[in-house]
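I have placed the structure first, in the form of structure tokens, so that the comments after it can refer back to it.
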Amino acid sequence: MTVTVRFAPSPTGYIHIGNTRTALSNWLYASKNNGKFILRYDDTDVERSKDEYAQAIAVDLDWLGVRPDRVEYQSKRFDIYAKAVEKLKTAGLLYACYETADELERRRKLRLARRWPPVYGREALKLTDAEKAALEAEGRKPHWRFLLPNFESDPFATQRTEVHWDDLVRGPQTVDLASMSDPILVREDGTYLYTLPSVVDDIDMGVTHIIRGDDHVTNTGVQISIFKALGATPPVFGHHNLLTTISGEGLSKRTGALSVGSLREAGYEPMAVASLAILIGTSESVTAAPDMAALAEHFDLASISKSSAKFDPSELDALNRSLLHEMPFEKAKPRLEALGICGAKAESFWLAVHGNLDRFSDVSHWWQVVSGDLPEAPDLSGEDRDFVRHAFDLLPPEPWNGQTWKSWTEAVKSATGRKGKNLFMPLRLALTGQAHGPELADLLVLVGLERTKSRRP
């Protein structure tokens, strides 16, 4: 058996880091088991689904390093779903209902008042052909419900009916079908809700493992019933915990702030995003994996907590810094060249500055510092200005090396009596225009004598 998984986003918005957790969990599981990963767009809602969102999802996944083995669009598979609908109708497992939303709400409230479970009472099963024809003559169109197998012979005499599965994350799970309403699979306009196309596609595409958020746990009992009704063996299920904001709110496509695209535009490394999306809320320590192979070594569905995990942007910042601080020059080189940072001093420049980067794009600023003019003149007080002028008069001749900074500052200390912060801070401001940054012993060599002299206030 070839392990086959799928990620099935709805292209009705941009995916966020919570969706990323699901996509990466599936992709890593397939990778570790020499399996296949299917990207399947749940675009049956033709009004809300947009091609621009589908394209954005593909770009986001590619940026994260997730490359599907197969791409499918549910909107192109309606004929297959129609055949499944007819099969269920023929078996007497899909029945027409005509209630409006208001009528269903009144019935729900009535059941609650009688202290009955607020589930659909299957009233539509009692309709005669004449009553159905009369309702349709009024202009009503039916929606179609799946008849859950929670009874023996009388569908109005429901009884506890347990569905069991061994969840890859949560262990043994049980849901009671008697506590649920028969799910609507087909809307009045003939379009399909999520449940039916999902099951039909999983069967048709040979999906063996379904890994998704734990907000789908209850759905699983229904879907297992539909798998069996269509004559298929249900796949293995795994439900990971969900990510929330730091305040505990659920993530949503509508918020946008934590969309993968916005994180990319903010300059985060893809492996910082991937590492946090996978390792947060697990028993594993949250560290920055340098690549997908390393992340796969830490990926274990059994290590996932059953409680939701809070996404803290500060953790993402820390992981991003860690990746940049540990990134070897050979890995950074193509990206540096794309920014015009090349030549004989490119490697020594990277080694000098990468330990101070928050974002990779910060290198452009430091390259300007060592290779061009300062973005703006440093703000030095009169006393510090005089001190820096004196210090620059003591600059040693070239050639310079890693010891030049030490020998120069020792000479300045002897000549001026300044030491510590009072000595180093004015020199740093004059040389770089910044109060903080990479080691000046490394930067000074890169700036060079002539450019350093040009920065004499």
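Note: Cβ is positioned from N, Cα and C throughout, glycine not excepted.
Remember, it's a predicted structure, so these values are computed and weren't measured experimentally.
According to Swiss-Prot, the protein carries these features:
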BINDING   K253  ATP binding site
MOTIF     9-19  motif ''HIGH' region'
MOTIF     250-254  motif ''KMSKS' region'
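Among residues of the same chain six or more beyond the motif ''HIGH' region' (9-19), those with a C-beta under 8 A of the stretch's C-beta atoms are 41-43, 45, 48-51, 53-54, 56-57, 60, 213, 242-243, 251-256, 258-263, 273, 276-277, 311.
Secondary structure of the motif ''HIGH' region' (9-19) per DSSP, as helix, strand and coil residue counts: 3 helix, 1 strand, 7 coil.
Mean per-residue pLDDT, taken over the motif ''KMSKS' region' (250-254), amounts to 71.
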